[in-house]
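Note sheet for the following structure.
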Amino acid sequence: MKLTCVVIVAVLFLTAWTLVMADDSNNGLANLFSKSRDEMEDPEAAKLEKNYCQEKWDYCPVPFLGSRYCCDGLFCTLFFCA
């Protein structure tokens, strides 16, 4: 019974992880709400407020947080964006 529960939880976790980390070439989910409210009101100001992102092969401080520090399309692995 315990083993069955552990296996079920592991499968659910890995399925969720795969769906979250999957590369969506069409960016289907990202395009649903791609523009924030501020960006729709003043697109120039929104561009200035964007956070700096790390380019390819740049250092990223926390690899297990994924692509939070890397620019779009890059992923943080082994402390650098690739």
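The backbone N, Cα and C atoms fix where each Cβ goes, glycine too.
Among the candidates C71, C76, the disulfide partner that Swiss-Prot records for C60 is C76. For C81, the cysteine that Swiss-Prot lists as its disulphide partner among C53, C70 is C70.
According to Swiss-Prot, C71 forms a disulfide bond with C53, chosen from C5, C53. Every protein chain shown contributes to the tally, and the Cβ of C60 (disulfide bond) ends up with 22 other Cβ atoms within 10 Å. Here the candidates are the disulfide-bonded residues C60, C70, C76, C81, and by Cα distance the one nearest C53 (disulfide bond) turns out to be C70.
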